[in-house]
Amino acid sequence: MTKFDTRRGLLIILSSPSGAGKSTLAKRLMEWDDSLRFSVSATTRAPRKGEEDGVHYHFVNEPTFKGMVAEGEMLEHAHVFGNFYGSPAGPVRDAIEDGRDVLFDVDWQGAQQISNSALRDHVLSIFVLPPSITELRRRLVSRGQDSADVIQKRMQRSWDEISHWDGYDYVLVNDDLDATFDRLKTIVSAERLRRAQQPGLLEFVRSLHSEFEEGET
Ligand SMILES: Nc1nc2c(ncn2[C@@H]2O[C@H](COP(=O)(O)OP(=O)(O)O)[C@@H](O)[C@H]2O)c(=O)[nH]1
Ligand SMILES: Nc1ncnc2c1ncn2[C@@H]1O[C@H](COP(=O)(O)OP(=O)(O)O)[C@@H](O)[C@H]1O
């Protein structure tokens, strides 16, 4: 795989148990920064009301999904809640080469695979926790998109997802949405600043050191 310039192209990964609010935060982040690219995943899950093919997901059948995996077209993929999900690699590579940051909404397995890939230096991973398990259920129910069965399955899997919180760079408790979004923006802005500074920093500090040694103080 090409060695990319790590100054460019942050891969911002959001994970959470279903219903904690990562899609809501992802949508806000995309509205906040129109240079950000959203990694549109492929999934074998059926579209929900209001979900558009190619925008929220690429809705594909299982043979197509497996074909994409076999052709090496997926940066990562996983089986979640009985369906396959995966992030197509092509758009991610294009975005990085373009110097763009990419936003991912993937589960812990996807986050782990991207964090262990050749693109690991680009990763900024953020885990979103719900304020309580009761509130998590309330949000899943109030979203009004899933049947009671599907909600039950997601609640049962919630601890499995939450138990991986520790593997992320940052953790946010999504209590008040505006406050959480502010914290998310702060994290992204700070990481962008850090990475923008990084390349010339060592050289700059060396020059300060030379000046110091020359007795400028
Ligand atoms: N590994 C992986 N997980 C994904 C991908 N796309 C979505 N997911 C995860 O699959 C899970 C279910 O997503 P979805 O069906 O949209 O339900 P929601 O999280 O309740 O909105 C969530 O944890 C997503 O983050 C992907 O491309 N790869
Ligand atoms: N901080 C919050 N407070 C109250 N409701 C929220 C908050 N964040 C998200 N929600 C709501 O909870 C539901 C689930 O959020 P969603 O973003 O779809 O979760 P996820 O993508 O993690 O499954 C949605 O109806 C959303 O509007």
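Here the Cβ of each residue, glycine as well, is placed from N, Cα and C on the backbone.
Just so you know, TrEMBL annotations are computer predictions that nobody has curated.
Noted in TrEMBL for the protein shown:
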DOMAIN    9-189  domain 'Guanylate kinase-like'
BINDING   Ser16, Pro17, Ser18, Gly19, Ala20, Gly21, Lys22, Ser23  ATP binding site
Cβ-based neighbourhood (8 Å from the centroid) of the ATP site, residues Ser16, Pro17, Ser18, Gly19, Ala20, Gly21, Lys22, Ser23 excluded
Val128, Pro130, Leu136, Arg139, Asn174
DSSP three-state call for Ser23 (ATP binding site): helix, strand or coil?
helix
If you count other C-beta atoms within 10 angstroms, which of the binding-site residues Ser16, Ser18, Ser23 is the most crowded?
Ser16
For the domain 'Guanylate kinase-like' (9-189), what is the mean per-residue pLDDT, to the nearest integer?
96
Entries of Ser16, Pro17, Ser18, Gly21, Ser23 (binding-site residues) sitting next to ligand 1, with Cβ under 6 Å as the cut-off:
Ser18, Ser23
When you measure from the Cβ of Ala20 (ATP binding site), how many other Cβ atoms are you left with inside 10 Å?
27
